[in-house]
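Trainee: Pasting the relevant annotations from TrEMBL:
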DOMAIN    130-243  domain 'Acyl-CoA oxidase/dehydrogenase middle'
BINDING   T134, G173  FAD binding site
DOMAIN    274-434  domain 'Acyl-CoA oxidase C-alpha1'
ACT_SITE  E419  active site, proton acceptor
DOMAIN    474-652  domain 'Acyl-CoA oxidase C-terminal'
Amino acid sequence: MESGGGVVDHLADERSKAQFDVDEMKVVWAGSRHDFELSDRISRLVASDPAFRKDNRVMMSRKELFKNTLRKAAYAWKQEEANKLRFYVDEPAFTDLHWGMFVPAIKGQGTDEQQQKWLPLAHRMQIIGCYAQTELGHGSNVQGLETTATFDPQTDEFVIHSPTLTSSKWWPGGLGKVSTHAVVYARLITDGQEHGVHGFIVQLRSLDDHMPLPGITIGDIGMKFGNGAYNTMDNGVLRFDNVRIPRDQMLMRVLQVTKEGKCVQSNVPRQLIYGTMVYVRQTIVADASRALSRAVCIATRYSAVRRQFGSQNGLETQVIDYKTQQSRLFPLIASAYAFRFVGEWLKWLYTDVTQRLQANDFSTLPEAHACTAGLKSLTTSVTADAIEECRKLCGGHGYLCSSGLPELFAVYVPACTYEGDNVVLLLQVARFLMKTVAQLPSGKKPVGTTAYLGLVEHLMQYRCGVQNAEDWLNPSVILEVFEARAARMCVNRAQKLGSFPNPDEGFAELSAFLAEAAVAHCQLIVVSKFIEKLQQDIPGGEGVKQQLRNLCNIYALNLINRHLGDFLSTGAISAKQASLANDQLRSLFSQVRPNAIALVDAFNYTDHYLGSILGCYDGNVYPKLYEEAWKDPLNDSVVPDGYQEYIRPMLKQQLRNARL
């Protein structure tokens, strides 16, 4: 069978085994038919345009790489639907921070007048912005930031200053070489009094010649992990030497400073700024599903192409047929779908939170904040580990840059740190859970994703009724087991915390223990949202729905297997029931096996977007690997540079004469 253009499809037999409509699953993955058609059209447009070539990225020097990224960003900006194009160009660039952080910060924290002044300029990219919060000495501890913004009532200006080396802004993407402006976070000081950390719009570079303005020291912080990868981004360093800005460039939606230097709380609730945080974190969860699905697409296709051992009739066994491969790979396919669906739900949550905030309803905000923090932590940690697991699933060839996996890993792992260190975020979730449990005796009803804690008395008494392996296919059984485990872990931690005379000391001592409860809570959220997805109208009929059921069950039962200590120690299940869960998991792997290639085809990624020879759609891996090897610059010459100076003298035993 040919996949187009006369190319033989080496995975045709695998695709013929599918027991569901792949095109309908593509619609499910995209979210709607409209979204599928739009993304399909734009991804193919990018793939067919030579301007967006990326297969040579890992061979470029840093300067070449950066200039190439500038060229692509400028070219994409000229096209229609530039925002969608940016995603499929698949290259970290200054535009990510401009649209993803700078613009939302002004929208969320600027007054109506400030938005009217700055947003049109930003939307037309007449100014290019970044988000300058993190410093050399402080990241997660925002209240520890050292940059100061001191109000001078004589001139009606703020003086932005970096008082120490560690107060240098460090890491903001787009800052190093491109941004003309930044939202800078600094300690507000008026009349000698500090008023916490606030945001200020600061121009950094001239709009005429791009030179740094007086008092500003600015540059790139240097090479980062991996070839290509995040080195397309100009993460920067920034220092201020008493830089003056007008008073109206402080973002004053929540707190205003008068001409006299008085701080006045506006009638806009401070909680509104959390809406931006929810938005940013829901996009990070969506990005996790994309990165994970790319990795599993590569690993799944290559596992079907690769054959090792067990030769019969001249053909060795496909690697994907080994149970050890399935037990590592198939839960990752399930996780990709699970994260996709919880990401869809987070989009709804953001809309809901925004509407409530506008109506001055803050009742669900603490829960939404904890939920998005936890899911950001969970999905990015799992995805980072999963990309590396996919590299190992591809054997030695997975280590080649041409596999696409090393660069994907290098470009993705910063997500575990930016927008909140993952461990710090889990501790925020744990603190919220402990507060929720402590309020239960007062009759305060938990909301949203913590609603199960309102049933804590039932869940503490719950006994799992599973008697055979098939019982584990009941979604209500799975859901209640996960609720019982999470509730019992929360109550257990709260009891231990209560034994400390000083709660803060107790929290510090039990922090690792508390983080485990936060993980259990977040895993429950993902499982519950997958189950909710299955209760919706899904296109494609029973075939599509059955595959999603299988993946949901694999996701949940694999978590039980991997966190068996939690489920057994809390008494949520028995050892016998754990054994039955493993039996059912193996059965599910067998059911997914004929559908594996079709399930990753449903992601609808072009070869250009995947950027992987091992994951190419037609499965023609070996000729492409061989051809790619000869493109390496080392193969430009048969005899390497350095032969005369170093190799020949060694071979001729003239090492003492070699030029070292």
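Cβ coordinates come from backbone N, Cα and C, glycine included.
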Trainee: Of all the recorded positions here, T134, G173, E419, which one's CB has the most other CB atoms within 10 A?
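Mentor: The most densely surrounded of these recorded positions is G173.
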Trainee: In angstrom units, rounded to an integer, how far apart are the Cα atoms of G173 (FAD binding site) and the residue listed as 'active site, proton acceptor'?
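Mentor: G173 (FAD binding site) and the residue listed as 'active site, proton acceptor' have their Cα atoms 12 Å apart.
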Trainee: Do you know offhand how many angstrom separate E419 (active site, proton acceptor) and T134 (FAD binding site) by C-alpha?
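Mentor: The separation of the Cα atoms works out to 10 Å.
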Trainee: Using DSSP, what's the helix, strand and coil tally for the domain 'Acyl-CoA oxidase/dehydrogenase middle' (130-243)?
Mentor: 10 helix, 50 strand, 54 coil
Trainee: Calculate the per-residue pLDDT averaged over the domain 'Acyl-CoA oxidase/dehydrogenase middle' (130-243) and state the result as an integer.
Mentor: 96
